Amino acid sequence: MGNSIPDNDESRELGDWQPRNLPAAYKVGVPPRKNFVNEFTERVKETFFPDDPLRAYKNQPKSKQFLLGLQSFFPILSWAREYNLKKFKGDLIAGFTIASLCIPQDIGYAKLANLDPQYGLYSSFVPPLVYAVMGSSRDIAIGPVAVVSLLLGNLLQDEFDPNLNKEEYHRLAVTATFFAGVTQAALGFLRLGFIVDFLSHAAIVGFMAGAAITIALQQLKGFLGIQNFTKETDIISVMKSVWGSVHHGWNWETIVIGTSFLAFLLLAKYIGKKNRSLFWVPAIAPLVSVILSTFFVYITRADKHGVQIVKKIKKGINPSSVHEIYFSGSNLGKGIKIGVVSGMIALTEAAAIGRTFADMKGYQLDGNKEMVALGTMNIVGSMTSCFIATGSFSRSAVNYMAGCQTAVSNIVMSIIVLLTLELITPLFKYTPNAILASIIINAVIGLIDYDAAILIWKIDKFDFIACMGAFFGVVFDSVEIGLLIAVSISFAKILLQVTRPRTALLGNLPRTTIYRNIEQYPEATKVPGVIIVRVDSAIYFSNSNYVKERILRWLREEEEKLKEDGLPRINFLIVEMSPVTDIDTSGIHCFEDLYKNLNKREIQLLLANPGPIVMEKLQASDFTELIGHDKIFLTVGEAAMSCAPKVIEEV
């Protein structure tokens, strides 16, 4: 080994290394004192920057730095130089494919947000163009999505009735979209994307499944042809409304149309899953359904027999809506509140989708740049009569399977939507609402992930509680309550883990100097007269008292066992500190109290392998002087050797 001291605890214990009589300061690897400003700067960089964002700019001429800066904000400048005809072919096919899927979906999602159908198409025209220039994902397809549309619609109708106050409702929608974009962009600029991660995967699974059922239930109005339908979203109110109108509100022609085409859509989806090369079948099925059902209604004039139809979609591209955004007055606060909530959910969905496909294709995605891109497209969208757009999982999956190469597929989709707005919208006049309901039901079924829920149950029961809490909150109350429950349970789990860290009792593995958790390794033996406790967390004000009480509880339980068996008392308590990544003043006071408590019992406190940050703070607080430098060791093995060398040698 020479004169070097290994940095890795395992390398010392597994090799032929033997404890040496080194000065304690060398044993624990005391770091040099740092300048406060430098230390603070390093901590800030570690917190907000997982990488060095300025690394690419170092040692570069000003012109190169300017170009890199532009590429950072507009990634299209980077990949466009390598764009070729082969890539365009893939993007062209993918763009046409997702356009055939998005057009009927957009009309349905606009209705879900209680907006006129054209607003859904607007939201698949402008935002995808902005994202194609600023986004870094090659696969994500931009547009309205079911969950965000439902959430936005519910929050908006709490403020204005979409039928009685149509103008105010629309103005609040674009205001919410503006502030959703501001929220997303601000999180990206400030590199606060980690806030999105506070909503756990389990909570998202439950929330999405609950939202899917709620959305499907909302579609029963169009699916069954019911005229008067509840505005509530909980399952009890919806089912009361459905069964209450069974004798006078259901329309059998509508039910036939809805059921027939829902069966067709489900069959198309099944074909696409069974044979991945036929991905285009479920992709074009919604548009085919719209064309066939519209033609059927037109030639039979089923609208004269109670079949509800779209009637009219306004022709032309997005009108400006800058003047409609509330920048003052009482509605400003409402718009900010709705925008922040809806924007965060949209951001969470887009982040999950972007990471999924980036991992599948093996490229890196900068989450903060993605937030800036998503935020900017919604800000621009709010000024062009769009409502909140984000990444759509169903469209992104189709985009991926269709062979997209870059964000140009979004541009192709946007151009097709533009042509639809300019030329084709009058043809949707006789499109039955039942087919839109069928398309939405077919789309949201995929949000119910049974396998993920079962896996969550197997892995972590607390996660499963979060999952079910979010699910039942959405289904039995509202999307907002489900979201609140999901966030609350996620925070509760974080608080529980922070305030109640794990501790473990360690024992010696026979014929080694390795010490491991005796629950995990039953063959590990306790050292006579010594108790060894490992703390598996940083020690802060929130958990310091619990750590101290838990260590003393381990000690008390061991003393009671030894007393019952008539064995020698405990003389040493070793705290294994390698998992303790940080400690604050409360944590240090906790160890001071523990030291005093043990002194009264005539038990010596020893520390094993505190990390550099922890060691620096122990030194700064003079705790190392209090406990003694000779009571701090590199490894548990050394500490145990110093307590009972003869016993260790026999082992």
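Numbering starts at 1 and runs along the chain as displayed.
Each residue, glycine too, has its Cβ placed from N, Cα and C.
Curation does not apply to TrEMBL; its annotations are automatic.
What TrEMBL records for this protein:
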- 140-157: transmembrane segment (TRANSMEM)
- 169-190: transmembrane segment (TRANSMEM)
- 202-220: transmembrane segment (TRANSMEM)
- 250-271: transmembrane segment (TRANSMEM)
- 278-299: transmembrane segment (TRANSMEM)
- 371-394: transmembrane segment (TRANSMEM)
- 406-428: transmembrane segment (TRANSMEM)
- 434-457: transmembrane segment (TRANSMEM)
- 464-492: transmembrane segment (TRANSMEM)
- 520-643: domain 'STAS' (DOMAIN)
The transmembrane segment (434-457) vs the transmembrane segment (169-190): 3 or more CB pairs under 8 Å: no
Beyond the flanks of the transmembrane segment (371-394) by 6 or more, those residues with Cβ under 8 Å of it: 73, 101-102, 105, 110, 113, 115, 119-120, 122-128, 130-131, 134-137, 140-145, 148-149, 152, 173-178, 180-189, 193, 318-322, 325, 342-343, 346-347, 349-351, 353-354, 443, 446-447
Overall pLDDT of the domain 'STAS' (520-643), taken as the mean: 91
Outside the transmembrane segment (140-157), six or more residues from its ends: residues with CB under 8 Å to it: 98, 102, 105-106, 109-110, 112-115, 120, 123-124, 127-128, 131, 169, 172-173, 176, 208, 211-212, 214-215, 218, 231, 233, 337-338, 341-342, 345-346, 349-350, 353-354, 357, 377, 387-393, 395-396, 398-399, 409-410, 413, 440, 443-444, 447, 478-480, 483
Same-chain residue ranges lying at least 6 outside the transmembrane segment (202-220) that approach it to Cβ under 8 Å: 112, 146-147, 150-151, 226, 229, 233-235, 238-239, 242, 348, 352, 437-438, 440-441, 444-449, 452-453, 456, 460, 463-464, 466-475, 479, 482-483, 486-487, 489-490
Within-chain partners of the transmembrane segment (169-190) [C-beta distance under 8 Å, separation at least 6 from its ends]: 48, 113-115, 119, 152, 155-157, 159-162, 196, 321, 324-326, 331-332, 334-336, 338-340, 342-344, 346-347, 367-383, 385-388
Residue distribution over DSSP helix, strand and coil in the domain 'STAS' (520-643): 63 helix, 21 strand, 40 coil
